[in-house]
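The domain 'Major facilitator superfamily (MFS) profile' annotation in TrEMBL covers 15-429. If you look up TrEMBL, you'll see 12-30, 51-74, 80-100, 141-163, 183-204, 225-252, 272-298, 310-328, 334-359, 371-396, 402-423 marked as transmembrane segment.
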Amino acid sequence: VQETKYPSIGSGYYGVAVMTLAQVFAFIDRQIPAMLIEPIKRDFGLYDSQIALLGGAAFSIFYAFMALPIGYAVDRMKRTSILGVGILLWSLMTVFAGLANSFARLFGARVGVAVGEAVMAPTSVSLISDYFPPEQQGKPMGIITSGVYVGIGITLLGGGFLIDYLTDIGGLYLPIIGLVKPWQATFMLVGIPGVLVSLAAFSMSEPRRIILNREGKTKADSKALIHHILAYKSTLIPLCLGLILMALIFYSFTFWAPTMMVRTFGLSLSEIGLVLGLITIITSIPGTILSGTIVDSLRKKGYQDAPVRVAMYAVLLAFPFITLAPLVDSIFLSWIFIGFYLFFISSFAPLGLLAISGLSDGHVKGQMAALYAFLVMVFGLGLGPQLTAFFTDIIFQNTSKLGQSISLTGFLALPISAFFLWLSLPKYRDSV
């Protein structure tokens, strides 16, 4: 017998509100190193390829490998508690990053942030699937993932001004610790609010697990994930390849965009942060929520492949803007192209999770979301910033060519992404 009783709308949307807030602070903590690249490089004497490790390998590898055991726990334990502990961990580790006096210690703190943030994908996918029926999950997922862009936007809007202010006053003097440099103080100040968000997560109601399994299984045994992957491998392989490449250019641009604008147009971080932050919020939030809403609408009309279909069109529409935005001589035109690019590519966040969730049975939803996060982190975030840095350091051998490197990354990644998503469409329809 299938259990199909869902919680009240109020309970579900309270959970959505808390998870959205958590996503906001997760991406503030994740994005802030991109605003601090130049001072960290100067203090530790690093190359672009080394600094990319802070936004790439330091984060992605440990996030990815912790996501798998966390996904296993999510399918068995109280998910709201797992979420609360994760938020608390990443917030404290962001504060500890401000105490780093060497690249190794800063790297270690970023690893801690990654471990904490690894709870977000499996808990949000699992909770949303039990808060709402399938045809109503797109909009809530779009709202939650809009927090990604709120966080990035806040970081860009306020981060530059905060860094400039702390630089003007020469850093902060703290009791016991003493004087901390502006970039160190920035880490500390952005990490503290997340502690309060963790308390809100513990107050969320834990929904009853809704069993909607095509294989007739209700227990998340140790072999269930392997059986599920093997059963749907012909769909999962092209789908994940398409989504990973979408993530690769998303994370590459997100990490390198502020530095690109500094090197290309000579603007200050506060100037770049103000404009790029506003553009991110104005374009990306509607992009995520609209994409999720479109998925719900298409599903109600019988298009069960809606998440993949919408993702494919989003990739095709984003392609010309990411290839041209870093190359044009006009800063105004560059901002316009960046806005259109962000509107379309922002859909990557909800559509990927919705596509994987739609292909996952109830007893492995957390693990499937974790596996997806693993792949996105290792090959998307792990390779995206690093690939762009490789083009800059090795191919162009000129730091002023960072814009060309970003353009080349998008030019290579997005057409291949669209091809794999198109390839997965008929298989996805047959699988759901």
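Here the Cβ of each residue, glycine as well, is placed from N, Cα and C on the backbone.
Counting same-chain residues at least six beyond the ends of the transmembrane segment (12-30), those with a Cβ under 8 angstroms from any Cβ of the stretch are 6, 55, 59, 80, 83, 87, 90-91, 94, 113, 117, 120, 123-124, 127-128, 131-132, 140, 143-152, 154-155, 190-191, 193-194, 197, 200-201, 203-205, 207. Under the criterion of 3 or more C-beta pairs below 8 Å, with sequence separation of 6 or more, the transmembrane segment (51-74) and the transmembrane segment (183-204) do not qualify as touching, having fewer than 3 such pairs. When Cβ-Cβ distances under 8 Å to the transmembrane segment (371-396) are tallied for each of 80-100, 225-252, 272-298, 402-423, the top count falls to 225-252.
Counted over residue pairs 6 or more apart, the CB atoms of the transmembrane segment (310-328) and the transmembrane segment (141-163) come under 8 Å in fewer than three pairs, which marks the two as apart. Contact between the transmembrane segment (334-359) and the transmembrane segment (402-423) does not hold: fewer than three of their C-beta pairs are under 8 Å, each pair 6 or more apart in sequence.
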